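Asker: The structure's right below; bear with me while I get my questions together.
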Amino acid sequence: MECRTAHAQFSKPKLRRKGPRGVDNRMTIYKASCVILSRRPTFHMVCSRMVNFPLLLQLFCKVKRFEVMGRTVLLQLICGVLACLSVSLVKAEDPYRYYTWTVTYGTISPLGVPQQGILINGQFPGPRLDVVTNDNIILNLINKLDQPFLLTWNGIKQRKNSWQDGVLGTNCPIPPNSNYTYKFQTKDQIGTFMYFPSTLMHRAAGGFGGLNIYTRPRIPIPFPDPAGDFTLLIGDWYKTNHKTLQQSLDIGRQLPFPDAVLVNGQTQSSFSGDQGKTYMFRVSNVGFSSSFNFRIQGHKMKLVEVEGSHTLQNIYDSLDVHVGQSMSVLVTLDQPPKDYYIVASTRFTSHVLTTTAVLHYSNSQNPVSGPLPIGPTYEIDWSMQQARTFRWNLTANAARPNPQGSYHYGKITPSRTITLANSAPLITGKQRYAVNRVSYINADTPLKLADYFNISDVFSMDSIQGLPTDGPAFIATSVMRASLHEFIEVIFQNNEKTMQSWHLDGYDFWVIGYGSGPWIPASRNSYNLIDALTRHTAQVYPNSWTAIMVSLDNQGMWNVRSAMWERQYLGQQFYLRVWTPVRSLANEYDIPSNALLCGKASGRHT
């Protein structure tokens, strides 16, 4: 057998479904194979990645064949080893996508009144970010505001990489007239997500946008390809300038009731499709404090995905979407050709705000007409029961080839139970919000940097307890300790009369139960331990509880926060330090070489 040059066998697979707009996906996904040089068991090697030593290997393998049989075999072995070593040394990595975004102020008038908005590349809302599972995102963010600024990527797990989470506990904010390049991967994720500013009250001025992760070509999805998809960023909105809102909170006042609800930054959005075709509507609640109910006049909605999980495909007339949450529905344009109302109205609020958009049939000659479709009234029980119908599709794939249901979370005994009770205390006469009596305050140094550089006097471990206790609330930079690979049960206990929405960075979790009143151990009898949905943001109804289970398999410093930004800003958050004493790149990446350093970390070397 002759020694042959091992080289990559490139292929350019077609995307099985429509991918990110404006991106040639064919040139970003490659596979490679390794030449097998012998059938002998000694020479069998598996090479999954491609390399770059072709010239060296070619020269080596062109050496004249030795006449002695033993030397020939040895040469074949060396060729085989070099071929497969080269395949593993220089690998064809997952695709990279490069972006440059500039953040500026600009005048916007979503409610007919000019106000200062935050634009990204001149857009409000910001650009839609469309990527594919496992893509590497390199995004240079240039801050042209007069205040420090950060974006966070809501629902992106940042595997082993809390350095890129974009919150004040992990990152120094980008100073005015400066920039920072985010580098993160959409590792093993699909679905509908969003990004938004995590600094100050910038979220009330814009800077948010849709983030959609499409499936890789070889991973099947449990429904036919839609004819297209639409991103709907829906949320409550204030006419008041974001700096004025911040000043109100800083002096201890609650925010007033919002002025309106917007769809994609407008009150008159329109979405067009062809009669008889099916479209995906990606719906996210980018608002400040209000849940909303979403419905489309004359049309049914099939729920297919929630925050990266494929769901049982139940049919709904309307859906409740809570602050920070995202979901995808399929809508078939099977009605007579005309225009139809898309409606979003607030839920569990003192009075109802309603906004409309338009579903336009491409062959329509008739404008929208008729009464708006009726949504639910206050009806907490109705909403809680609907939430229980959101269930995992156990046989469907998500981002990986294996079915979602292959992980049997319900058979794992949690190592501990954490109960988190929100409250709205006055501290020194000012309105604050707290978790287990602790109202969080940001330190001058990101907690992740303080932890990495062993800087003292920034935070205290276990400054928040895992159970509510009696006593007055107090202010602290609260961090809870957890061990890598723990499997825990968390109870969100809401003893207030208001709706709550909780988010966990770095993870998704199984929402295993909802109930009214205080949680008790017997509440576990109502848990869904078979096909509970995984998501990153869970609602908690007034005077009720929500239970989740989470596998802490992602090392880092992770923000646990109220998704309602007023409450987050005034202290309803803390950080979960998921840690192991064994420092390894298998658990967590090193600090980025371009990490911004501030506070007590200034002047340190990365």
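Glycine is no exception: its Cβ is also placed from the backbone N, Cα and C atoms.
Nobody curates TrEMBL annotations by hand; they come from automatic prediction.
Copying in the features that TrEMBL gives for the protein in this structure:
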DOMAIN    103-216  domain 'Plastocyanin-like'
DOMAIN    229-364  domain 'Plastocyanin-like'
DOMAIN    444-581  domain 'Plastocyanin-like'
REGION    1-22  region 'Disordered'
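So where do these features actually land, and what's packed around them?
Answerer: Within the model, the domain 'Plastocyanin-like' (444-581) shows a mean pLDDT value of 98, rounded to a whole number.
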Asker: For a three-state summary based on DSSP, what are the helix, strand and coil counts in the domain 'Plastocyanin-like' (444-581)?
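Answerer: Counts, helix then strand then coil: 17 helix, 63 strand, 58 coil.
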Asker: As a quick check of your reading of DSSP, tell me how many residues in the domain 'Plastocyanin-like' (103-216) are helical, how many are strand and how many are coil.
Answerer: 7 helix, 53 strand, 54 coil
